[in-house]
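Participant: The structure that follows is given in the form of structure tokens.
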Amino acid sequence: MGIELGSAGETLAAIVVSDEISKGQDHSHDFAGKNCGNCGTGLTGPYCHSCGQSAHIHRSLLHMVEELLHGVFHFDTKAWRTIPALIFKPGKLTKEYIQGKRTSYVSPLALFLFLIFLMFYVFSWTVNDSSKDFMMNTPETRAEIVKELDALKLKYEEQKKNDALAVDANKIDFDLRDDMLESFTEIRDLQEKLDQLDENPRTKDDWQAGLDNASRELATLEAALKEEKARLNKEKTSPPPSDESPSASTERHRDRTEEIKHSMHYAEMDVKYYTKKLAKAEKELAKAELKKAIKQAASAEDTKAAKELGVATKESASADTNRSPQDDASDSKVSELYSIPYIGKTIAHADQNRELTIYKMKKNAASLAFLLMPLSLPFLWLMFAFKRKVVMFDHAVFSLYSLSFMCILMATISILSKIGWGGVAAILFTFIPPIHMYKQLRYAYDLGRFATLWRTVALLFIASISLTLYAAIITYLSA
């Protein structure tokens, strides 16, 4: 890629040179008595010895494009040296940049800002968000949902007819049944969305009834499968009484067994679906009760009354036998937060405007990511307080390069999780950061093994503290 881009840049530069030559102008030695157009220094060569600007000033649109591409290719060349060093030799990269080797590498600040942008772009592609983005997506209208729902129902009915014909012909089309399941799932999701738009969502009792029906269907299929297997085993020992051949009867029972297993797969999916929806409904019901109490506590002037209300809320929420002790403890801690007047009002406001709050948090997280560096600098300074040769600039370079690598790592982890490699992503998230920190600390600051080891442990705590402060700032500005 770099070679191809470089060739394109050379071609464009050649065009610019040809354009200048075609005008019959020669600027190679015409510097006598001229001053730099940028700083006014007297020129002695093709470039100003004071500021470095070219002596000849181009005023063509083609040259403007050439300058842009030159800047891109120059960054590309630096990036191919910087990023591999950042990944595999972070300590050497940091040390060389601090010691003055600047033109060979991308500056840490520029690299960090670019990789932060890249990381959040990857997140926007890989992270699934079940809720609609408040500022980016327009929710479907009721008419659109009804139209799509009717079309899916017609499609589903046609699929059912084709399945019935296949059953009559003793030919089960499992691909067709997979398509039927997909259509049925889409119909169910659209119906749920329509109920929410009509402000008539399904209740906890509705989900419980659906779970009971799905469980009964699964139990029936399990019994049928057990019976079919028993018949198949029986026919293996004794021939069937009918005129049907043993092989044909065995094949028929095997087909029936496969059909039941296929249906059981659907039934198990239904049980999981209704179990998940029921748990969500129970949680939302408890949250609704807590939310009602929160609003009252936030508006209460008496702090003691607000605390008592928080205790009452906890007792009300714990009355539901399906709620876990961890949930009750969490609600108790939340209620204590609501007793603080300012925090309680802030949380209540964020709860009333969830979509806007989430959008603002996403926006602020990306735009204020540069705060991670100054948040970590004081802690880095404390780790090297007795090393006089190490100055704050060194810590800034170290921090920016370290954060740049973490951006690459998190983007990679996000992509791996998206494609189903969650185990690999978990291993990378657990082991790579401390290893990279160790290597960068040891070779950037010329430390021994023990000195590097304890500083690596300290740096992990520093990273946790910095991320916590960063998250607190984002939350405060977004609420």
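Backbone N, Cα and C atoms are what each Cβ position is placed from, and that goes for glycine too.
Quick caveat, the model's predicted, so the values are computed rather than measured.
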Participant: Can you check which of 40-72, 73-105, 139-171, 271-303 TrEMBL lists as coiled coil?
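Facilitator: The listed stretch tagged coiled coil in TrEMBL is 271-303.
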Participant: Do the transmembrane segment (457-477) and the transmembrane segment (105-127) come together with 3 or more C-beta pairs under 8 Å, pairs six or more apart in sequence?
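Facilitator: No, since the transmembrane segment (457-477) and the transmembrane segment (105-127) share fewer than 3 Cβ pairs closer than 8 Å, they do not count as touching.
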Participant: Do any residues of this chain, six or more beyond the ends of the transmembrane segment (365-384), have a C-beta under 8 angstroms from a C-beta of it, and if so which?
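Facilitator: Apart from its flanks, the transmembrane segment (365-384) reaches 112-113, 116-117, 120, 390, 392, 395-396, 398-400, 403, 445, 455, 458-459, 462-463, 465-467, 469-470, 473-474, 477.
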